Amino acid sequence: MDNQGYCGESFNSLQSGTSDEDMVEIAGATLDFSVTDDVPPLDREYAGGYNTYTGEGMNGTSKLMDFLDEPVPGVGTYEDFNTIDWVREKSKDRDRHREIASKSKESTWALIQSVSDAFSGWLLMLLIGLMAGALAGGIDISAHWMTDLKDGVCLNGFWFNHEHCCWTSNETTFMERDKCPQWKSWAELIIGHSEGAFAYITNYLMYVSWALLFAFLAVSLVRAFAPYACGSGISEIKTILSGFIIRGYLGKWTLIIKTITLVLAVSSGLSLGKEGPLVHVACCCGNILCHLFTKYRKNEAKRREVLSAAAAVGVSVAFGAPIGGVLFSLEEVSYYFPLKTLWRSFFAALVAAFTLRSINPFGNSKLVLFYVEFHSPWHLLELIPFILLGIFGGLWGAFFIRTNIAWCRRRKTTKLGHYPVLEVLVVTAVTAILAFPNDYTRISTSELISELFNDCGLLDSSKLCDYINLNSSKSSNELPDRPANSNVYTAMWQLALALIFKVLITIVTFGMKVPSGLFIPSMAVGAITGRLLGVGMEQLAYYHHDWVIFKGWCTPGADCITPGLYAMVGAAACLGGVTRMTVSLVVIMFELTGGLEYIVPLMAAAMTSKWVADAIGREGIYEAHIRLNGYPFLEAKEEFGHKTLAMDVMRPRRSDPPLTVLTQDHMTVEDVETLISETTYSGFPVVVSHESQRLVGFVLRRDLVISIENARKRQDGIVSTSHIYFTEYMPPQPSTSPAQLKLRSIMDLSPFTVTDHTPMEIVVDIFRKLGLRQCLVTHNGRLLGIITKKDILKHMAQMANRDPDSILFN
């Protein structure tokens, strides 16, 4: 299959045929300033000029004043794969707000509209929270049921999962509470009994068959209906929130298919999670609901504020962590996060968490996914193994990023990428065949993590809790450290094999053409490692309590070490190593588990993990995938420490032809149309004359095309020899001369400029903080060149000894 347009493909495969050497690059720059209600920030006196083209001065009157009163189709919108103009969008919103505020004093109806406009943001957050919470609850319930379907079916009703099927049974024993006559394995249904080699093979084949069916349905639906529904989606959402436009990525088809295929992909048993894709699902909800409100539908910057809040909602419903979700959006995905967005994110995350809690998908009346209750406090000396787990997490994170990116690059550059369905089926088959024999890989990853986090009590029937009880008179809350039985050692070997399996299979799974999150697989790797270390420390403390490290705090018969805590810390360390989250990670972990008193071990592990991973490679997994796909994203965390100047980066270079410009009063319609047809640049600087090169403003290609086309249709006398003026006043013309066309209203009178000796460190900072698409370079007021976002990305790659041409359109 030709993989063009498929999720995870390079930016080039989605880009139209424009020159890679565009003076103002299409990828990061083309925008159409609205001819309707879009006012230049520094040109308030010409507010009317954005609605009309006139043959007179901007403040004069003319018989042509109303020929473009109604909106022109196509103006004020963005083309696909373009960057928005943050400054202009915010200016439009301020003007809209001022207009509403001034009208509200005129009538009661206008006042009601003003209140409605102010309240609309909160109403939108409420709707996003309700919709995302309901979808997440449905996904959780469906995934749990379909995961159990691989093992058997409930006779009372096929829609019951294993746990719900046995809830009402009176024949369930406490030690074997997962066995009841109402639940039948596939071997019992097909051959009539559940013991023996033939029964095992039957269950094995059914497990693999269901896994392959779910995976095939998932990849087929993604391929046929919504190519953007694959992957995690967080890398693309980061890019979209930085101002980039990817049409359809947050559309209704993507939402529908991602919701369905996420359930199928998780149920297939692949080493992936639903947490990352739930952020994408929540952002789809936010984008779709934005269309109900005019101020969000017509303003891309305002819409991105909503999407930032929606990202917080996604994490809130994924983990039951509303505060962690807000911090995740702030720390990890958002590009522009004003205080107002913080409050609204908090409210939306609250509503979503409440909705999820009302649905109660886990059946335990708790919002948290892995509720833990550890009974012994941690000791200061335990920080040493916690930091060791942090080091492991950092090493794992750096190893995973490098190997996964290498595999994804191989997928892009070889024939492997042309067969996404076959790849998914092969990986699913390998995963299912290797996972079934091991108890800890056969169960879902969420169940595995829950079992690893668990603190063993006397009534636990898990192999991990099969200790020799020397003193059974103590209550389960005061269990001392005990010697491990043979089942514990068996479980350790199985967990060690599960660790190797998870490490290797996750590398090839993440990035396939199905919805795939990384949070849960990363946590599973860390939780297994932590549990292994925890049990080792526990047995060491039991048999060698007289060692120096245990003296004084670990006496015989005391409950010193909690292996479940080590699993929790290990999970945080590995997730931090892959994503480079810190504050939000710690908050998510204690909200996820309810372990509030274990913040310090989590902080120590998360910080150590980040330091170790950053020492090996600065990029997190999402930034690495952004760079791999060639999205125009300026990473705020990446420092620019080189001593280059704007003149070193700007175009044209010394060997290039001179900069293509428009003059303010010397060009005809034919001249401009010829210039447009012969170039692929998305915008043109306007100068006084070719000789002086004094900068007047900047005009966009699409605005020029639309304005000239509409003038030819609607203004009498506009022909190829008509002069175009960007000046405030037009000189008088003889009556025999063709009509003049004044386009000052579409020109940006305040384009951002820097001098040729401005350090690039400052230029990069300006681009990041203002969200610029291009910046003009001058010397003593004369135009010298232009710097675009693509130029900066290429320059930064060059300075980092990377191939500059691989940054974009690779």
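Heads up, the Cβ atoms here are built off N, Cα and C, so glycines get one too.
Residues 259, 262-263, 274, 278, 281-282, 285-286, 289-290, 292-293, 295-296, 306, 309-310, 313-314, 317-318, 340, 344-345, 347-356, 358-361 of the same chain lie 6+ residues outside the transmembrane segment (119-139) yet bring a C-beta within less than 8 angstroms of a C-beta in it. Taken from TrEMBL, the feature transmembrane segment covers 119-139 (among others).
Sequence annotations record features per position, and here TrEMBL assigns transmembrane segment to 204-229 (among others).
Positions annotated as transmembrane segment by TrEMBL: 250-272 (among others).
TrEMBL lists 278-294 (among others) with the feature transmembrane segment. When Cβ-Cβ distances below 8 Å are used as the criterion, the transmembrane segment (278-294) is approached by residues 120, 124, 127-128, 131-132, 135-136, 139, 232-234, 236-237, 240, 250-252, 254-255, 258-259, 262, 303, 306-307, 309-311, 313-315, 317-318, 333, 352, 515, 517 of the same chain, each at least six residues removed from its ends.
TrEMBL lists 306-330 (among others) with the feature transmembrane segment. Taking Cβ pairs closer than 8 Å, the transmembrane segment (306-330) reaches residues 121, 124-125, 128-129, 132-133, 135-137, 237, 240-241, 250, 274-276, 278-283, 285-287, 290, 296, 336-337, 341-342, 344-346, 348-350, 352-353, 355-357, 366-369, 519, 581, 583-585, 587-589, 591-592 in its own chain, all 6 or more past its ends.
Away from its own ends, the transmembrane segment (380-399) comes close to residues 503, 522, 525-526, 529-530, 533, 537, 549, 553, 561, 566, 569-570, 572-580, 600-601, 604-617, 621 of its chain (Cβ-Cβ under 8 Å, at least six residues beyond either end). If you look up TrEMBL, you'll see 380-399 (among others) marked as transmembrane segment.
What TrEMBL records for 419-436 (among others) is transmembrane segment.
Positions annotated as transmembrane segment by TrEMBL: 491-512 (among others).
Annotation comment: TrEMBL describes 518-537 (among others) as transmembrane segment. Within its own chain, the transmembrane segment (518-537) is flanked in space by residues 232, 271-276, 318-319, 382, 385, 388-389, 392-393, 396-397, 400, 440, 445-446, 448-449, 452-453, 464, 484, 488, 492, 495-496, 498-499, 502-503, 506, 509-510, 561-575, 577-579, 621, which lie at least six positions past its ends and keep a Cβ under 8 Å from the stretch.
Per-residue confidence over the domain 'CBS' (650-714) averages out at a pLDDT of 87. Residues or ranges marked as domain 'CBS' in TrEMBL: 650-714 (among others).
According to TrEMBL, the domain 'CBS' annotation covers 747-804 (among others). The residues of the domain 'CBS' (747-804), classed with DSSP into helix (H, G, I), strand (E, B) and coil, number 23 helix, 18 strand, 17 coil.
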DSSP-derived helix, strand and coil totals, residue by residue, for the domain 'CBS' (650-714): 24 helix, 17 strand, 24 coil
Intrachain residues whose Cβ lies under 8 Å of the transmembrane segment (250-272), provided they are six or more past its termini: 135, 138-139, 142-143, 146-147, 149-150, 207, 210-212, 214-215, 217-219, 221-222, 225-226, 228-229, 233, 240, 278, 280-281, 283-288, 307, 427-428, 431-432, 435, 444-445, 502, 505-506, 509-510, 512, 514-518, 520-521, 524
Surrounding residues of the transmembrane segment (419-436) on its own chain - C-beta under 8 Å, 6+ positions past either end: 1, 3, 6, 203-204, 207-208, 211-212, 215-216, 218-220, 223, 268-271, 411, 442, 501, 505, 508-509, 512-514
Same-chain residues at least 6 beyond the ends of the transmembrane segment (204-229) whose Cβ lies under 8 Å from its Cβ atoms: 1, 5-7, 146, 149-151, 186-187, 190, 236, 246, 248-249, 251, 253-254, 256-258, 260-261, 264-265, 267-270, 420-421, 424-425, 428-429, 431-433, 436, 442, 512-515
